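Before any comments, here is the structure.
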Amino acid sequence: MATASDPEQPIVSFTDKGEINNVREPLLKGEHHPENYSIRSAILPFLFPAFGGLLYGYDIGATSSATISIESATFSGISWYDLSSVQLGLVTSGSLYGALIGSAVAFKIADWLGRRRELIVSALFYFVGALVTAFAPVYVIMVIGRLLYGVGIGLAMHAAPMYIAETAPSQIRGQLISLKEFFIVFGMLVGYTVGSLLVETVAGWRYMYGVSAPLAVIMGIGMWWLPSSPRWILLCAIQGKGELQGLREKAICCLCQLRGAAIGDSAPRQVDDILSELSQLSEEKEATIGEMLQGKCLKALTIGAGLILFQQITGQPSVLYYAAKIFQDAGFSAAADATRASVFLALLKLIMTGVAVVVVDKLGRRPLLLGGVSGIAISLFLLGSYYTYLGNVPAVAVTALLLYVGCYQLSFGPIGWLMISEIFPLRVRGRGLSISVLVNFGANALVAFAFSPLQVLLGAGTVFFIFGGIAVLSLLFIFFIIPETKGLTLEEIEAKYL
């Protein structure tokens, strides 16, 4: 237990008005103090926010089968099953548009709501969106349900990484945030599996979408039970949004609830460490939109949004779009059915994400990004070669596809979300993540919608070569711009790299 006379510790005292007094620079130039925690106490503060990712992944998987069910004259159970390509596209991408809306809304309200309440609101949108979609009597109501569900996705993918990052012990923060990506992929696998079981059931699409509702209830109840993020509470204290001493005590109480008995009597010291660092790092004022585009805020935005942008424009939606066709060309009869191929790929994604979770806090972020994206570049050039020169060797395409999926889940998949949750200063973390999430969903939509016209105009081989070139550029971006944040507290990351 550190004492007030320890030269490496912050000295925090309070005036009669409850203001911080006599703060010296903590930890940034001194010894790092490991955070006391138990694995058992870290599970629930991760699990319930991660349900937001599970519900996102489930929607991706279930929709692939739901669209088949909706269009079936035999199994749709509706009279308006004969949808145009545009109408079907709105069913498929409605949640994506809703996610864009949710991300934009988060930019304005996230810091006011706080991470915990934003996740509760997200669960509510998930629940309402799932029920509206499942019980939709007409097409328009279905699209509204898809949009509402998408708003839940946007809020969850914004708030979950922040809540996990701000409440997780620094020693396992990387593993826990990467495990959220594992939950997204697991949700996809569950969605594909449920879809394959219900695709030939009358009105099966209603059950596929309805399954999300009880999961959203679990998420909402869990987040209601969990405490607020101590760092968010202390940010409110620093910014004068409440009485400092009272908010400090509340933060200590929340930290004790998050860490359990393992924290012992070190909670007040840890809270004072964070308070002192926030004071030293000038977190007192809320960031304006103009400030987001200058200084360390711009540097964090370049790192976070840049990495998320490269995550999407290296062709992830397009490669998966071609997956079923590649398996068919290779003659894999067991995987010729699109649903079975999707389940197989989801299993591979799940396994490789699990590998990333195990090693991210041992190897670090940069080695996984550099190694994984190198594999992505090679796989994209192989796919380009297959569609240009090697059309009679389908094994090349299958190898490239599996290499791409595996390397993506080792690198861009989990590390992209991990980096954006770590890199932003606390006072701009809400707005910074909302911009990054907007970039994610916007770039995803752009790549998904632009691929078909580009493929017709240039040919699939040329498009994959272009994606390969972008992957090489992303390698340069990672090598020169992305820092290594392994083992550092969020405040130390800001002090060291921004």
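Glycine is treated like the rest: Cβ placed from N, Cα and C.
What TrEMBL annotates here:
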- 45-486: domain 'Major facilitator superfamily (MFS) profile' (DOMAIN)
- 86-107: transmembrane segment (TRANSMEM)
- 119-141: transmembrane segment (TRANSMEM)
- 147-165: transmembrane segment (TRANSMEM)
- 177-195: transmembrane segment (TRANSMEM)
- 207-226: transmembrane segment (TRANSMEM)
- 300-323: transmembrane segment (TRANSMEM)
- 343-361: transmembrane segment (TRANSMEM)
- 368-389: transmembrane segment (TRANSMEM)
- 395-420: transmembrane segment (TRANSMEM)
- 432-451: transmembrane segment (TRANSMEM)
- 457-482: transmembrane segment (TRANSMEM)
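Note on the transmembrane segment (177-195): residues 46, 49-51, 53-66, 69, 160-161, 164-165, 168, 207-208, 211, 339, 342-343, 346-347, 349-350, 353-354, 356-357, 360, 409, 413-415, 417-418, 421-422 of its chain, located 6 or more positions outside it, place their CB under 8 angstroms from a CB of the stretch. Counting Cβ pairs closer than 8 Å and at least 6 residues apart in sequence, the transmembrane segment (86-107) and the transmembrane segment (395-420) reach fewer than three and form no contact. Note on the transmembrane segment (343-361): residues 61, 171-175, 178-179, 181-182, 185-186, 188-189, 192-193, 196, 320, 323, 327, 335, 368, 401-402, 405-411, 413-415, 418, 486-487 of its chain, located 6 or more positions outside it, place their CB under 8 angstroms from a CB of the stretch.
The recorded stretches the transmembrane segment (119-141) and the transmembrane segment (432-451) do not share 3+ CB pairs below 8 A when only pairs 6 or more apart in sequence are counted, and are therefore not in contact. A contact links the transmembrane segment (368-389) to the transmembrane segment (395-420), because at least 3 Cβ pairs that are 6 or more residues apart lie under 8 A.
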